[in-house]
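As given in Swiss-Prot:
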type	residues	note
BINDING	Lys22, Asn23	phosphoenolpyruvate binding site
BINDING	Arg92, Arg121, Pro122, Val123, Asp124, Gln125, Asp306, Ile328	UDP-N-acetyl-alpha-D-glucosamine binding site
ACT_SITE	Cys116	active site, proton donor
MOD_RES	Cys116	2-(S-cysteinyl)pyruvic acid O-phosphothioketal
Amino acid sequence: MDKFVIQGGVKLEGEVRISGAKNAALPLLAAMILADTPITLKNVPDLKDVRTLVKLIGGLGITMSYEGETVIANTSTLDNQFAPYELVKTMRASILVLGPLLARYGSAKVSLPGGCAIGSRPVDQHLKALEALGAQIEVEAGYVHAKVDGRLKGGEVIFDMVTVGGTENILTAAVLAEGVTTIRNAAREPEITDLALMLIKMGAKIEGLDTDTLVVTGVESLHGCEYSVVADRIETGSYLAAAAITGGKVKTTHTDPNLLESVLDKFEEMGAEVTRGEDWIELDMLGKRPKAVSFRTLPHPEFPTDMQAQIMAVNAIGRGFATISETIFENRFMHVPELARMGANIQVEGNDAVVTGVEKLSAAPVMATDLRASFSLVLAALAAEGETIIDRIYHIDRGYEDIEAKLQGLGAQIKRVSE
């Protein structure tokens, strides 16, 4: 099993190119199933989850080409609608093939998903929404069996809670449904807008982008197109956090500052100088120790839960104290005991964490528990005195492309070692 060995205490400086967003690439890949002519997706990040989903879609009989940052799919060769447990178990996003398969082919058998162990994250919202469009669904022996007689029928979908995956699944189903579908309490994440934009390019009719009410007028078929995955706002924020925690200066390129306003505001509150361009962001901590900042995670456009762990790590060496409230997922403070091993002073009570900044963190052996938590440990290690070893880094490979090379390019002393 691979580990990271990180020698801390180096100010990070330089430029880093941001990859396409994993959280956009996965629903976009699933939506390729809807195209009745070849479809090309560019700026695709080379990540384990992406490779798994490409393999899963290929397992449906679809001809997949994956070279560099480009995936091409030809659905004319599809010969089954079965997504097996062996592939689905490692990744929650595999449930996203359910909507497209059901909408285009009238049936699907998809294993219940796996992925990061953060809270329950149930798929019941997905299934309830598809039933509202006329799907007949049974869950048996760990599999979702879905079918529809003829086409799905447009209807009103009201989510009980904001669900990104649920919104994506119903959106990719509704585009081929008969009539009009209204999706209320829809998630507003940029990755959903990205999905809607590709679907529109394929011939879909969708209104209400960037709002919590999407109106979809179904069409009979969708064609292929060429589309590029939106920049990864979480990777962007993560590398800016690396500049903040080390007192350095980092410029992120090929990104979109408009997708990260709530996080950039917090960096400025820390005392960082943040400069924005059309497709770049630069953070200069001016060699200072950041001020600890309080925040509450909420659905977009508020502070994203996927940046909670990284900003907590910066707060750990901040001036003063801060309160962090996690309102999206339960059980998302699993990085706290590991940060504490490095000397962080963090008290957790329920869904709140109070971080009292310390001047220095110390190197220690630590263990990654989930995707974003693992980057928070990398950040802590970059700022700590001495050599930190981070175990179970397969979590980080699920969401960060080429992380060692990117950090090394900023001056970090990081290497991957295999046992």
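Yeah, the Cβs are placed from backbone N, Cα and C, and that goes for glycine too.
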Of all the binding-site residues given, Lys22, Arg92, which residue's CB has the most CB neighbours within 10 A?
Lys22
At the level of the C-alpha atoms, what whole-angstrom distance separates Asn23 (phosphoenolpyruvate binding site) and Asp124 (UDP-N-acetyl-alpha-D-glucosamine binding site)?
20
What does DSSP say about Asp306 (UDP-N-acetyl-alpha-D-glucosamine binding site): helix, strand or coil?
helix
DSSP three-state call for Gln125 (UDP-N-acetyl-alpha-D-glucosamine binding site): helix, strand or coil?
helix
Other Cβ atoms within 10 Å is the metric here; tell me which of the binding-site residues Asp124, Asp306 scores highest.
Asp306
Under 8 Å Cβ to Cβ from Val123 (UDP-N-acetyl-alpha-D-glucosamine binding site), same chain, six or more residues apart: give me those in sequence order, or none if nothing qualifies.
Ile95, Leu112, Pro113, Val144, Gly165, Gly166
Integer Å distance between the CA atoms belonging to Lys22 (phosphoenolpyruvate binding site) and Ile328 (UDP-N-acetyl-alpha-D-glucosamine binding site):
19
I'm trying to understand the geometry here, so how far is the Cα atom of Asp306 (UDP-N-acetyl-alpha-D-glucosamine binding site) from the Cα atom of Lys22 (phosphoenolpyruvate binding site), in Å to the nearest whole number?
12
Express the distance between the Cα positions of Gln125 (UDP-N-acetyl-alpha-D-glucosamine binding site) and Lys22 (phosphoenolpyruvate binding site) as a whole number of Å.
22
Looking only at Asn23, Gln125, which of these binding-site residues has the biggest number of Cβ atoms within 10 Å around its Cβ?
Asn23
Report, in whole Å, the straight Cα-to-Cα distance of Lys22 (phosphoenolpyruvate binding site) from Arg92 (UDP-N-acetyl-alpha-D-glucosamine binding site).
13
Between Pro122 (UDP-N-acetyl-alpha-D-glucosamine binding site) and Lys22 (phosphoenolpyruvate binding site): CA-CA distance (Å):
20
Winner by Cβ contact number (other Cβ atoms within 10 Å) across the binding-site residues Pro122, Ile328:
Ile328
